[in-house]
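TrEMBL has this to say about the protein:
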REPEAT    9-41  repeat 'WD'
REPEAT    132-173  repeat 'WD'
REGION    308-402  region 'Disordered'
COMPBIAS  323-340  compositional bias 'Acidic residues'
COMPBIAS  353-363  compositional bias 'Acidic residues'
REGION    815-1018  region 'Disordered'
COMPBIAS  819-828  compositional bias 'Acidic residues'
COMPBIAS  851-873  compositional bias 'Acidic residues'
COMPBIAS  889-904  compositional bias 'Basic and acidic residues'
COMPBIAS  911-922  compositional bias 'Low complexity'
COMPBIAS  924-935  compositional bias 'Polar residues'
COMPBIAS  965-977  compositional bias 'Polar residues'
COMPBIAS  980-993  compositional bias 'Basic and acidic residues'
COMPBIAS  994-1003  compositional bias 'Low complexity'
DOMAIN    1010-1078  domain 'HMG box'
DNA_BIND  1010-1078  DNA-binding region
COMPBIAS  1048-1069  compositional bias 'Basic and acidic residues'
REGION    1048-1113  region 'Disordered'
COMPBIAS  1076-1090  compositional bias 'Acidic residues'
């Protein structure tokens, strides 16, 4: 008899509790040490009725509309049920009563007290009392036998006594308990229980067992025990049929025995191991309610007490069938009804709860069940018994005319053992609490709060705005009985369902309207009800029971209508976006089968998501759906998992948070009210022991951080991976907003991109330390072009030459890609030349400002290297750049002629005019790497693009900046046979006398900006190259440079200073300009060469430039 243990609910404050069902089993009644009696319509009732009866309540009993409680003021009180009106005091003791119970008919109440007395009181006339004296210690519990002949009581004196009610004398006594001084010190509450109907047996919990004594003879007949019981049994309770006995222990174990077979048929464990102190079996036998000493309420579902022989396989089938009948017995036509989601029983309950309505199903004859199961899948391969299948595919309520007599279905029970259909989730408004509550939130979103009140005094709606600058608070009388609401910065939208007389209505209060008529109302066609609604920017949408969505303008003009493939679950709007969740089919095994559509309702209307399945957690339902403040769709399921739409990954849903991880108890939840991507915040309300908050006192909003479920987030690598991808996901909205024509926060975007690249660089450094070079290259593929150059520098400093070589090839690929992208964008090249040139100046100035501090940071990373080494490597890099400095001059020429040819043929002439994320070509290599890292993100703010930012210069004159970097990096992969051309380009480079960094503005404007003079080492190497080659004729360029650096270091400080001053004196702007023109001619001469020469041009100096990555050798 497998049963399901439902999650516990927080019901009372910590301390002793008790529980019982009402006569029909429709309500669960609990009491606790907070002095309250609570009436729960179901375990998931988040707003139970509460009656305060005293300071503490020790026991509760309910029969015939009379609620009896044992209260700490030494009285046994009586209240009406379910109203909770006081109905007098039944009896008093000199100290508090510990337990009260009714007899079978409800005419008498027995109570046991700490003053050693047991009293029997007539409910109709409380003056009719009988007092039983004989215990020598506080009475623990009392129990009346079904025939009202005997009363049993247990006491702290260690005895269990049976009394004759008529003679008020003891007829039996068993000294089976441990003695104690008081109830609080007793090892067990020793709740006794008579077998229902016959009263043949009385069950007594004794230590780890349950002893059964026979009526009249009062002899011990059997013992029930189980290996699972490790702590004292506290309470026992019989099933209504008298065949099963359930027990709860101090250790939190819940067990059920078949008494006749003396067999334990089910074992459950309290989810936290707390002491079970109250148990009650549902009148129909289908479930057991229990409470613990922490004030929580739990439920065992699917407990069977049918009269058939108990076999676990049959019990399983019975439970499955019961679940199935719960779903479909209420309404024959549910699956074909035009409103699948609202055809449930109108009982007041939130979604996904069917405990209360279907209690009677638990005792339904087995004949109805196989029919229902088979009828749903009547063509299933497992369906063997045609007589148990209805051909029309729909169950007949309560009827069994199409099935065999009662015996046959028992045989056919295992006909369908597959998954069972899930009851479809009802439509709801995200940000609202259930409609059956008298005081509820109709909407809580980022604009404000709409509260609904529906009690005896008032039926009204209060609208409150978080920012009163939008509008002042409003109080509306709810004469139409609106149950749905949405709130935007323009309007309040309300709707009510129709009745037999009145049509379903939509009412809009357009408070931002500039004319005097601020509201409008629309009646839906008869028989069509509003199921969900939402507001956007300038529009409203309403989904109806006719499986349609109706669009309206915010002023009340009817617009498009379209059909949904299934019944709506909820809708949300933001700007021009409309998000709809609906049932795309029937789910099985507790799953909901939801689809989602996302529409753009701007000038060009289009569907972005075309009804793809909405992912939810296992056995969960949709709890909230909406948009982040930045306009990204997101949803939350009943398991607390928050998912965000990832537009860059094909509109997939990515889990970004699990609110359950921060809940202290299983019955605690977070009620989401808003999502923000920048800053990353999940705004929600913590609900203790409930799924949603009460309206009063006003709940406090908590802010939860996002945390994507990446692996090994306790490690540094896992943390950085999670941070990087979370940053990527949460900043996708910049691209979406800019493409939709919205203004974006450029600074935030630049900052986000900077953080992403820094995280990549940290992961790269970590992989380097772990010697994971292949992983380093994978990370470099995610980097922008400029950060790859920083990675090359890091790799070469870390003496990882193979890695640096591969990274240089990767950087070359990226440079080519960037160039191609620019060429595509720059066909109409010349129109904004002046704008671009001014931007080039700005970007270079920004680079100069940022260069210094980033170089300092870089040097701090390598404190072990000498300052001299750093200087020399810097000089070396400057020198290696020289052969291509001429490339930067070409933009001086205003003639349109070079544009296409230079872009295509000789891409290395550019001085950095185009791409800030690339290495700005006009800059010497010294500051290039680090500066470009800053630049790659700082100007990105203006572009609105996400990853590889295109800087302030959106459309450069020609795609040259990348080519420049290309040239720089191609040195790495150059072949050995380029030495002759290398010397040519070198000699050209030697003619160039670059201008200092602080060049005059005219020089900057002519795009020859920021070229630094040669270093002392470069001059020295030019003069001493021949002697080095003479000594070592086999040396290649790389070896020459290394040898030269070694010799230069052996010079005295004074000699090195002389070389440096000599290099400074070599710089002359006028001379430089002339040389620039000469070089321009030389470059154009190169363009006339064949195609192979085009490619070789950058390669000419590859050997020389390749030293960049290896300069620390």
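Using the three backbone atoms N, Cα and C, a Cβ is placed for every residue, glycine included.
Note that the structure is predicted; figures quoted are calculated from it, not measured.
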> Which residues of the same chain, at least 6 past either end of the repeat 'WD' (132-173), have a Cβ under 8 Å from a Cβ in it?
Replying inline: 98-105, 108, 110-120, 179-183, 185-186, 188-199, 202, 204, 213, 215, 218
> Per DSSP, what is the residue count of the compositional bias 'Basic and acidic residues' (1048-1069) in each of helix, strand and coil?
Replying inline: 17 helix, 0 strand, 5 coil
> Residue counts in helix (H, G, I), strand (E, B) and coil for the repeat 'WD' (9-41), per DSSP?
Replying inline: 0 helix, 18 strand, 15 coil
> Across the domain 'HMG box' (1010-1078), what does the pLDDT come to on average, as a whole number?
Replying inline: 77
> In the repeat 'WD' (132-173), how many residues does DSSP assign to helix, to strand and to coil?
Replying inline: 0 helix, 24 strand, 18 coil
